[in-house]
Each structure stands twice: as C-alpha cells, then as structure tokens.
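Below: one structure, written as structure tokens.
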Amino acid sequence: MSFFCSVLVCERGIMAIVMKKQADSQGEKGEVFEADVVGLDHEGRGIVRRSGKAVFVHNALPGERVACRIVRTDKRFDVADAVEILRPSESRQDAPCPNYGECGGCSMQHIEFSAQVSFKQRVVEEQCARLGKISPDQILAPIYGLPWHYRERGRLGVQVDEQGRLKIGFRSKKSNRIVALKQCAVLPQHLSAALPKLHMGLQSFSGNLEGIEFAVAEGKTALCLIVLRRPSEKEMKCLQALVETFGEAWLWSWRSKNGMRQALRPEEDGLIYKLPDFNLKMSFEVGGFTQVNAKLNNLMVKRAMDLLQPSPGERIADLFCGLGNFTLPIARSGAQVLGVEGLPDLVNRAKQNAVANHCQGYVDFRVADLFKVNPSAWDDWCNVDKVLLDPPRTGAHAVIEMLTQARRLQRIVYVSCNPATFVRDAALLVGKGYRFRLLGVMNLFSQTAHIESIGCFDR
C-alpha cells in the first residue's frame, strides 16, 4: 500500500505521518478497543486517532484494523500494543525473529522491506515540507542494501537474571531488561550463530560483565568485553578456554570502565574497512565509531562525493570528521581538506589513516568542540570553498549559523542521522539564501525506524 498522508506533530516535536481518520472515545491503561490505523509515526508505530487524541500502536500498519490494548497514557497521547490484526495491510509480513516485539533492537520487521524504504523517504520529505517549509529541487533514489544480517558494528547488552544467569542480547522494547538472544536476524550469520556459545562460555563473568562490543570487518570478527573491574584469575581462565574454541579470525579483548585494556588474541594490523571506490583502507578499533555496514558506507561516501564534487585546488572542510571516512575520499580528488572532530582519539586515528593511505599532504586534522563557537577558529575554518558535515543526532545548529556568514563558501553537503535536526538546520540554510538542490535517504539500519539522509545546498 502507499504511505501518502498528512502530518501529525508528536509530543517531542517529531513529525508523524498520518491520514485523517478518527476512532471513538478516550481510553485507560489496559483497555482493549478496535480501531483503524491511519499512519506511522517516526518510530514505525501505527497511529490511531481517538476523539482528537493520538494513540501510537506497536506492530500496526496504515490501512489495518486492529484490536489494541493501551499500555501507557498521557494527556496528549496514548501508547498501545496490537493484540490482534483484524484486517491486515498488504505491506505486512511475518517477522522472522522469534524475539520480535519483545526485543528493542528492531521495530519494523513486520513491514515489507520496500515499504520500509518508502516510509523513510516519505518521513524526510514530509518533515521538510511541513516542519521546515522547504523542498529540494530533486529527490535522489534511496540507497539501501540487504534487509537481514547487515549489522557489522554494535554493542550487545549483558544482564544477570534473578537466578544468577548471564543474559546477552539487546534491551527490551518496553524496559531496560535485556532480552537474551539465541539468534539475531540483523547480526552477521556467524555472529548470530555464536550467541549460544557466548552465553555458556561467559557465565563465570556474572556480575562483572557490562556489555560486549563487536565489529566485523574484512573476514575478521572482534569482540571486546566491557568489564566493571579487572577480570579475576578464574574469569580469565574461563575466558581463555572460550577463546580457544573460536577460530583465528576472532579477535578478543577486554577493557574496564577506568581505561584498562588487554588483548587476548591481538591482531598486528588491527581492524580495517575498505572504501574500494577510493582505494582506501581505514583502520579502526572495536568500539570506535564507524558505520554499521561497510558496503552501504561505501555507497554513502560515493554519493557524498558525487554531490560535493571536490576538485584539485579547492579548500574543503570536513566537520565532525571522525576517523576520516569522508576526509580521505575528498583528499583523493586533490583538494586540500581540513578535518575537524571533537574526540582526540578519533583525530589521532584519522591522522594514522591519512599516512597509511598516502594522503597526509592533502589533509589537516584538528581537535575542536563544534558545539561551541570560537570566532578566531571559525575565521580559518570558514575560509573554504565547500563543506561536508556529518553531525550526531543533535545536528549542527551552531556550525550552520557560522557557515551562513562564510563569504567564500559555495556548497554544503549535509549527512544526517536525524530528520528533525536536519530539517531544522536545512531551513536555516535556505533562509540565509542557500538553494536546497538535492535530498536523498539512505537505509543503513534495515528493520528499524532509524533514518539517514543527505542534502546538498548551493548559493
């Protein structure tokens, strides 16, 4: 079915996609009622209208009629679970994961994959039009990959249950409780298959293990145990025994919250991911920030370069540059690049990557807090021809305000992980005379409501 709809403002200023229908009466917690679902909110929940009040329904799709039970009430909205699908949508599918609905790792497994992509595209377009009062000259085709087994980076939660048993998985959708996973449809298949062995082999860490960071890259899988204190002799003995049951391609380490770290099966060259379109190999460590899917990351970087169009002789700034994911592809063009990042460890890693890829003559990396304005620094940073920025979910409002004053600047490419802050910042650019040329969506997090987008602005 199509997701053509109008827009409802949610409680946090987020725009939810809805069609204009209403059900009857107000409700109380525990009440079960039937209603027609009229849209999806930004978290992928179905929307019901009851006498002007929104009800957000888990596991419900537009066009469906459902029986739902209210699980939370508020003056402005209610939250409910769908307990029975009375009239299913054409876009509904059976979720393959037995933990779906309980585990909070996914929120859209019940939606057919192409409909997920269409929904995310529509969310960004609607928010631009309704919230920002802006529209791009052109909409790009969405970027997306495989629907399953794509998540190559992340962190598994750990918790001890009432019987003292260690549970490994993701947090529950409705609480901070960890849902123990025997398999996971979005993890790489070999990592999903290893979950039962991890559950058994790490039981001796009950009370000392807080989480497990993982990274899969170029045939290697790295696991880092996050511990509260240095492992005891007994814990280390059990851990070493577990490590020996895994192949040489598995890299193991532990780190404590106070900074201690030890590699149990080190790898001399460390982890790398590739950007084959730019002949780059990027080193990183497990737990460091990288995109969750290397193949889609390469497509995203390629799209960003297609929009930015860097060329020799240009001076370009890459703000929130991380370990150089966009900086080094820009440098490959022959442009001079200034990379700015707030975390010193990432800047050090970016410098190492520049040297390893023979780009050091084209890049200059600096550590700076991009959420605080330093006029003397900005005088230098704004003296560029083009800017690429990839901020966190909070967006780049302070950065955008400074960039609008840069006289030399002609093009901005904005990569976003939050449609609401992207629209806020894009509207500021348009209001200051920039032309909103292009907009695209990238589905890097299949089966979730998380949306990545990219925009290009010229003046």
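The backbone N, Cα and C atoms fix where each Cβ goes, and this holds for glycine too.
Now, the feature entries from TrEMBL:
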- C417: active site, nucleophile (ACT_SITE)
- C417: active site (ACT_SITE)
- Q291, F320, E341, D390: S-adenosyl-L-methionine binding site (BINDING)
- 26-84: domain 'TRAM' (DOMAIN)
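Feature annotations (TrEMBL) mapped to structure.
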residue	record	Cβ neighbours (10 Å)
Q291	S-adenosyl-L-methionine binding site	20
F320	S-adenosyl-L-methionine binding site	20
E341	S-adenosyl-L-methionine binding site	26
D390	S-adenosyl-L-methionine binding site	21
C417	active site, nucleophile	19
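Summarised as a single figure, the pLDDT of the domain 'TRAM' (26-84) averages 91. Here the C-alpha separation of F320 (S-adenosyl-L-methionine binding site) and C417 (active site, nucleophile) works out to 13 Å. According to DSSP, E341 (S-adenosyl-L-methionine binding site) is assigned to a strand segment. Residue counts of the domain 'TRAM' (26-84) by helix, strand and coil are 0 helix, 35 strand, 24 coil (DSSP-based). The distance from the Cα of Q291 (S-adenosyl-L-methionine binding site) to the Cα of the residue listed as 'active site, nucleophile' comes to 11 Å. For the S-adenosyl-L-methionine site, the Cβ centre of Q291, F320, E341, D390 serves as reference, and the other residues of the chain with Cβ at most 8 Å from it are F289, C321, G322, N325, F326, P391, V415. Spanning the residues Q291, F320, E341, D390 that the record associates with binding S-adenosyl-L-methionine, the maximal Cα-Cα distance equals 16 Å.
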